[in-house]
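Taken verbatim from TrEMBL:
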type     : residues : note
COILED   : 88-122   : coiled coil
TRANSMEM : 400-424  : transmembrane segment
TRANSMEM : 445-462  : transmembrane segment
TRANSMEM : 548-566  : transmembrane segment
TRANSMEM : 578-601  : transmembrane segment
TRANSMEM : 645-668  : transmembrane segment
TRANSMEM : 779-802  : transmembrane segment
Amino acid sequence: RETMCLAQLFLQSGTAYECLSALGEKGLVQFRDLNQNVSSFQRKFVGEVKRCEELERILAYLVQEINRADIPLPEGETSPPAPPLKQVLEMQEQLQKLEVELREVTKNKEKLRKNLLELIEYTHMLRVTKTFVKRNVEFEPTYEEFPPLESDSLLDYSCMQRLGAKLGFVSGLINQGKVEAFEKMLWRVCKGYTIVTYAELDEPLEDPETGEVIKWYVFLISFWGEQIGHKVKKICDCYHCHVYPYPGTAEERREIQEGLNTRIQDLYTVLHKTEDYLRQVLCKAAESVYSHAVQVKKMKAIYHMLNMCSLDVTNKCLIAEVWCPEADLHELRRALEEGSRESGATIPSFMNTIPTKETPPTLIRTNKFTEGFQNIVDAYGVGSYREVNPALFTIITFPFLFAVMFGDFGHGFVMFLFALLLVLNENHPRLNQSQEIMRMFFNGRYILLLMGLFSVYTGLVYNDCFSKSVNLFGSGWSVAAMYSSSHTPAEQGKMVLWNDSVVRHNRVLQLDPSVPGVFQGPYPLGIDPIWNLATNRLTFLNSFKMKMSVILGIIHMTFGVILGIFNHLHFRKKFNIYLVSVPELLFMLCIFGYLIFMIIYKWLVYSAETSRVAPSILIEFINMFLFPASETNGLYSGQEHVQRLLLAVTALAVPVLFLGKPLFLLWLHNGRNCFGASRSGYTLIRKDSEEEVSLLGSQDVEEGNHQIEDGCREMMCEEFNFGEILMTQVIHSIEYCLGCISNTASYLRLWALSLAHAQLSDVLWTMLVRVGLRVDTTYGVLLLLPVTALFAVLTIFILLIMEGLSAFLHAIRLHWVEFQNKFYVGAGTKFVPFSFRLLSSKFSDDVA
């Protein structure tokens, strides 16, 4: 972890923008907000921020219009720097003029398009309504006349003449879904004094108002009387009908039709020219919109940082406080000099470091290989400042524990090849811009690579390749040695051997390793392939994997406790080593470390000849706590005395773990009143910690003493709370002691998931490949191809993806809960530098 320091920047008002631009390009510092009590709308550079937001709004409008015109948006490979202040006004004026021009041209285009659609609707209306009313060529009625009685027998001529009614027409288009309701409304309101004729258009038309393509009906309403006519027009307005004038004569209809055709042609011409001009303007804007968007985003970020600075009394200098890695202080000074030089200021900006008791943010430098593993740790919690970083050890332990659960040579090799393909093509632009799921695989490509590589290793140890064993070195078991013909008569009388009758009449035969020549030695690497044929294979593998899981888990947890010692050494809390870490180690090793010893001792001491008299490890481990009255056959002589000694050490370690640290801090606190001294040189890690309050008020024998003021001493006396310290330590101790048992059992998931993966793989092979291979030669070749394809698909989706995800999540849990809680606090804050590289590189986000 990087050592951080708090630095104070003194920025001249004329050079502050350029200096922050140089700092943003390098990404060296994290700014502290010195105006936390000031509202965002009352800060000095709020006007500049609003200007940037206005420019972002204009750019968002430009991008929207460019996308609507289907013009490709170029994304530059290089990021342009923040614009100089003298170019900002010029860029703002240019973008505003472009926006006004685009809005005007777009408005005219929409107006022309709407006019064109209305004219097209009008022509369709005239074409359809021409067939509605049949008129005599010699007699063309007008609006003031009635049609002849013989042409419309439904009209009572004398009645209408007495009322003095006048004939009128309303024509137009209505949405298909409103026709029925429209007709009913006309009938109810007009009481039958209207005649409605309508017909559906052959083709859907675009709505001039909404632009939606829908089906239309052309209607023609004949009515009598002016009052009825007003009602009809109001109803048409309510149903959003597109009403157009209805020609009274055939000659008028022809003139209107000819005029419409001419206007439509003219509108098509003008509309095409307008669209061409609009496309030219948008193409020109698309060339620079990306660089403008990046520049505006950088400029806005600079002003946000300037709003965190405070002004000096003369209002000529901005003061900023930043966290910076000590290794980058030289680069920080160089960036300030570069910004001052670009602005042409006579007085340069400068910086100096200031001492502080505040906890700095945590910075851990990563590369493309370690970034994925660091993200796994940070997902649990960002490490406290200068705390041991478990990501370094996670690089090895995480893929290894995953591989223990996923151990299969074939599946691991497929995963390794997939990850290797991603690593070799990591600079391909399509992988960086892929969808979310594919991008997750791409970001974790090195994790997948190691997981696949370790799975190949554990697959060789398990001797498991797609659920089948591979005989690479030759089996260490010999079947021929079990036949009675290969032994002397004396040996045949002492041992249970095979003959032709035994082989012929027994379905299950058992190899006896105590028979000379049957077991010739262990397999050079992993499990002997003969176990793949054995009926007790599962029993043997379960015993092996269960013990292996316990051994790995206890080693992993013990390593976590040891890492906690390095934390105590770094933070100069040596009393925690003797009063916390050492009792924890004794508790872990005296119980569970002894369990590992018994497992390994039984493996080494007992052979095939003496295996029948070997005691059960589980029974011996239980008897260690129960103190049985009767004598038992132990693993070794003196076992009872050793176990009692270990239990005595454990019994002494528990009260020390519970009470040692609180009593020691109480002694330090009370001893301070006698000596009147305070510990010096202690770095605060967590604020308001009772432990730190005691340490700050205690005697420091190693580093010397110094007097403190009486008021400070009284304040520390009030802050110290022994009850809270005691309760915290008791809770931690209970959690640790119970956790050692539950966490050890939790590591059995290594065995359980390994068993599940092997059984799923075996089921898949049995149900698919074995069935395909057992078909006769006539159809076997034809059946084998789809069976192999189905086997490959199911292997990828079930065994690689689903089982791989399951093992991945369980490996994460083992690291977060069982390993990291032994030493890792994870209560820090991440160092987030002011860096333009952290701004979104995607164009759509830049203008969002």
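Cβ atoms are placed via backbone N, Cα and C, with glycine included.
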Positions whose Cβ lies under 8 angstroms from the transmembrane segment (400-424), at least six residues beyond its ends: 431, 441-442, 445-446, 448-449, 451-462, 464-467, 470, 548-549, 552, 556, 749-750, 753-754, 757-758, 761, 795-796, 799-800, 803-804, 807-808, 810-811, 814-815
Same-chain residues at least 6 beyond the ends of the transmembrane segment (578-601) whose Cβ lies under 8 Å from its Cβ atoms: 547, 550-551, 554-555, 557-558, 561-562, 564-565, 568, 617, 620-621, 624, 635-636, 643, 646-647, 649-650, 653-654, 656-657, 660-661, 664, 736-737, 740, 744, 822
Residues from the same chain, set at least six apart from the ends of the transmembrane segment (548-566), whose C-beta lies under 8 A from its own: 388, 390, 393, 397, 401, 404, 577, 580-581, 584-585, 588-589, 592-593, 595-596, 599-600, 740, 743-744, 746-751, 814, 818-824
Taken over the coiled coil (88-122), the model's mean pLDDT: 91
